[in-house]
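Notes follow once the structure below has been shown.
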């Protein structure tokens, strides 16, 4: 039996709807996931690999200095009063060099190189980098703290060395131009021939003090970031490429060939998470991210906070903090022992940086309240001082990131050195940095074209086809129903007939009464 044309159309529309449902809700997600697995892995000649090797735009590197306004009082034991100056804005360009792929275990090795360019136009109003700030002397306080911890009896001799190296300092503070401290370097005079200065300078050179370069005529140059600017980091990092398993993409598995650190205790020496420049796709709100920071020798585990959006793209915000080492069992292995952990919100960096520094969030956000009480002039704000990253969850792309950390030092109080015998002995801030990322319009458009536009097109098409199928189904049902009604109305069936047949009379003539339809004549009754 041949189908009528309207019914054929209806069935065709239902077929289109069924295809839309199967493709849009079943096949396309599988295809998209498969394609993303290929695109997000660190395969050669992919966009992700190219951006991973050399980020094609500058990151925002901002430095905020703390200027101390009551030095004389601090030297007598008073609480420090500080005033924040900044930001001093730098364009930071990142690249990876000496890259080698290892197909056998799906890994890749590389070294890092960063470039910094000062941007007065993006810095705080009127800041040129030539401003002189007053702050605790990093070298003198660091050396005094190390000697006090290891050989306190040597503090007196160290004081004599300071007199020679730093020209009879009157206090434990430095007056220095910001750019000199950050990058250009400050000169340390190690040309003195007296025993104490010479012994200290020899020890500095032998130990290879952090941030120190050595120049002719026994002149040392110290800066916070100068050695990083344009210099290849000597450490060789090994990460997973994610070709075999995209969920492992960027995961750090070794540094300098070692599969774990020898800095901390137990589990804290393990490399957990990615290198911080790439993350796995298909993130959900329940996923806790992990990234390893080589600068701080530890992993961070940001957690989901809330839904956000950036340039029209839906994102998930993740946040992190330094942690509470004393009360978090997972973090106690960063301490010499559980009873020797620093206060909440502080991390001791001595073993990592070989300097008696402490990391915290800026302005002691999420830290022990006593830290704020010991310093005047701080005002923590979660929006201004927290760590936050906004991810596009399907691709795992960081759209906006603000990584912030503050460096602190103890104003050491020790009787055996005149310069520090009356200091308050409390933790105090030095400076804090923000490393920021915000994808520009070009890369947001690229992400939309590669991911969201195809997804939206399929979304529209699948609903359109599903709608067409629904219309076809309804149309077919209506057509079938109407056809049956028409056939029923045109069928040759009679109206209902009622007959009454009484007994035959004596003349054998029938006596009946019949009603057929709507008769125009009255019924005839034969007696």
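Cβ coordinates come from backbone N, Cα and C, glycine included.
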Range annotated as transmembrane segment in Swiss-Prot, from 11-31, 32-52: 11-31
415-435, 436-456, 457-477 - the range that Swiss-Prot marks as transmembrane segment: 457-477
Residue among recorded positions 67, 268, 297 with Cα closest to the Cα of residue 335 (disulfide bond): 268
Mapped DSSP class for residue 297 (disulfide bond), helix or strand or coil: coil
Where residue 440 (N-linked glycosylation site) sits in the secondary structure, as DSSP reduces it to three classes: coil
Model confidence over the topological domain 'Cytoplasmic' (478-527), averaged pLDDT: 49
When distances run from the Cα of residue 229 (N-linked glycosylation site) to each of the recorded positions 268, 297, 440, the nearest one: 297
